[in-house]
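Accompanying notes for the structure given below.
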Amino acid sequence: MPQGPSSTREIPETGSIPKHIAIIMDGNGRWAKTRYMPRIAGHKQGVETVRGVIKACIERNIPYLTLFAFSSENWRRPADEVTSLMQLFLGALEQEITRLHENGICFKVIGDLSKFEPKITEFIRIGEQLTAENNRLTFTIAANYGGRWDIMQAMRKMMMQSTEELPLNFEEENLAQYLALSYAPEPDLFIRTGGEYRISNFLLWQLAYTELYFTDTLWPDFDEHELERAIQSYQQRERRFGCTSEQIQVAG
Ligand code: IPE
Ligand code: IPE
Ligand code: MG
């Protein structure tokens, strides 16, 4: 297959299982509101959904799962919601790290961690270190993450290289190696729950050729069947990466 300038290297066959699923977990607040509960109750229920989705990914041999938990813009929310979210994040880290490790999961966090309280960053560090050698599933949480932040921090790191190492006509690869998710293949399937049709500054670089799937289902209601539906939708799509359908069919 001819390779254009795109950073996406190989074209997966139609019908294959996605290797990397990236999800914007949206709709917790609305889920709680319809039940006359505080928004944080929705976030708590959302953590339960995360457990189910991890389990479902393992059962399906999906090697990479990346979840958007807190965007660089979410600090704009009311202070009490931000505080509750941080407490929930800390509690989940405390509770789940050992379980993730026991299940052979490699745990990672991407985002600007400098804004978190030391207790949180310490748990992240412990969790990442403990699970670093695991390879059943690489489970990434994007926290205080923004797609633009990611490109900027990668650019800064790249510029710190000496001028001899970094040619002036640098290529995508020179930058891509510094992106926060450089250890993972680009997502095959992007899912957003909660009925909004936007990227909200999630993985801007990495989603260049990702298949997009949107559902009205609110995150706390997103279960294994919903995930299966998204995967089935993905499996019916012909990914072309700029080529024609005929080219893809000849290659397949
Ligand atoms: C997503 O749910 C979780 C976070 C952004 C932390 P929301 O809190 O955005 O839920 P809605 O969109 O208000 O329903
Ligand atoms: C996106 O959800 C961020 C996360 C799910 C963490 P939001 O609910 O914050 O997105 P917008 O602000 O409505 O676009
Ligand atoms: Mg939302």
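Backbone N, Cα and C atoms are what each Cβ position is placed from, and that goes for glycine too.
As given in TrEMBL:
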type: ACT_SITE; residues: D26; note: active site
type: ACT_SITE; residues: N74; note: active site, proton acceptor
type: BINDING; residues: D26, E211; note: Mg(2+) binding site
type: BINDING; residues: 27-31, R39, H43, 71-73, W75, R77, R192, 198-200; note: substrate binding site
Report summary line: Near ligand 1 by the Cβ criterion (under 6 Å), the binding-site residues from S72, W75, R192, I199, E211 are none
Query raised in the report: What's the CA to CA span in angstrom from R192 (substrate binding site) over to the residue listed as 'active site'?
Result: 7
**Report entry** Other CB atoms, at most 10 A from the CB of G27 (substrate binding site)
**Finding:** 23
Query - C-alpha spacing of E211 (Mg(2+) binding site) relative to N74 (active site, proton acceptor), in angstrom - result: 25
Query - N74 (active site, proton acceptor): tally of other CB atoms within 10 A of its CB - result: 17
Query raised in the report: Under 6 Å from ligand 3 by Cβ, which recorded positions from D26, W75, R192, I199?
Result: D26
Query raised in the report: Relative to the Cβ position of S72 (substrate binding site), how many further Cβ atoms are located within 10 Å?
Result: 20
